[in-house]
Amino acid sequence: MKFKVINEKISNLMVDILIIGIYEEVKSLGDVHHTMDQQLGGLIQEMINAEEFKGEEGETLLVHTLGRVPAKKCILLGLGKAEAFKENNLRNVVAKVMREARKSRAETIAITPFGICNHISAEKVGQAIAEGTKLGLYQFNHYKTTAKEQEERVLQEVYILNEETGITAQLQTGIDTGEKLAHATMIARDLVNEPGNVLTPTEMAKRAQSISQKHGLELEILEKEDMERLGMGCFLGVTAGSEEPPKLMVLKYNGGEEGGEILGLVGKGLTFDSGGISIKPGEGMDAMKGDMGGAAAVLGAMEAIGALKPKTNVIAVVGACENMPSGKAYKPGDILTSKGGKTVEILNTDAEGRLVLVDCVSYALQLGATRLVDLATLTGACLIALGTTTTALISNDELWVKQIEDASKNAGEQVWQLPSFPEYKEMIKSEIADLKNIGGKYAGAITAGLFVGEFAEGKPWVHMDIAGTSMSDKEKGYITKGGTGVAVRTLYELAKSMEK
């Protein structure tokens, strides 16, 4: 798929589908659309007058041009209220209309910036259109073998009409950024959607190697023997029951000043989580192939960072393994010793992600990370608390939280900080070890996050629980069913915000 900014009259475009954006409560078309509507015999204005099309956000209506203009078809696209229309609204409506266009098997599409460059920068407009298009059209279907999927026509070209003078370069810059961020997000989506028999820890390491080679990132892959030497008792406890060897991946991007801040990104990579000895119910266990959403987000972020090259330093640490029951598996009642030296009483083997994370956090600090973000599909409690639209944050540093919140706003992703009062830390203290790996049935998302925070060694740290946002069971805007690639763009924006 190619994007191209062009200076052309809307009524002269010879494309399969022309997308015309209309705000809610608009009673008459602007000059650009009015000329074309005249060629269509006033059909669009007539439908607006009859309230057959109201311009509500995401509303679409297909119009056949019947040869009156070069474009074969038009799709009227509702933009909602003008004063409320922001970048994420644009990203979402573009995704929706592109899916509608796909149903018509369109190969060429033209879209206007809808005049919104007046209150959104041209660069952000181009970025949102590119992201909305690519993310909205994303499909994970390469395991399908039927002729229908093989024969489906693919969108080839998207033309963005430049309605104003002097903004072509800004639109193109935004498009280039949006394409790279969308590609990185789709890498994360693919990782989450892959079946567990394909995406083993070994395969994840190969994907990490591909990203590092593409962008010239430093790469280190630690094997089980390396983890034993480093004293990663918590990580090794989780992986003990599996026949698949664990992998710990380290990717380094050096784009900032030598001796400057180093952003540490840590991802939980459980390529399959059965729950171990504390085994999960059979219903829904298939979704546990996606318990590596944190690792997917980190690897996707490193793809974005490698492609867009912000002027900052980043270390990514990804711990990949399986959690399986066997005669060698770790058990409730065991006590494990972490790389950081703290001992952990195991009360439930299905609270394993935090055990992988703490050893990875300790290693990131050993490698020089000065600020930390860990990401994980960690708790069902987070899903209960915040649902499927919002990622939970737990932190030890309010300024660092604010920086991540700002990054998430720039990315169009929702986050919400949960409390971290001292009383919650009391819930994870053990009577026979330093810590226990669950804190009881209350405040589960908070206590799980604070467990990881015990290993941050006082460095600014934020835990992102993406249990509710890593996968979606329906299409909504640029989010498609399956893996969402959540946090990839937020992490890139965070890295960019650290530029000096």
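Cβ atoms here come from the backbone N, Cα and C positions, even for glycine.
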Candidates E179, E194, E203, E352, the one Swiss-Prot lists with K268, D273, D291 as binding Mn(2+) 2: E352
Euclidean distance between Cα atoms of K268 (Mn(2+) 2 binding site) and R354 (active site), Å: 8
Least buried by Cβ count (within 10 Å) of the recorded positions K268, K280, R354: K280
Winner by Cβ contact number (other Cβ atoms within 10 Å) across the binding-site residues D350, E352: E352
Cα separation, K280 (active site) to D273 (Mn(2+) 2 binding site) (Å, whole number): 9
K280 (active site) and E352 (Mn(2+) 2 binding site), Cα-Cα, nearest whole angstrom: 12
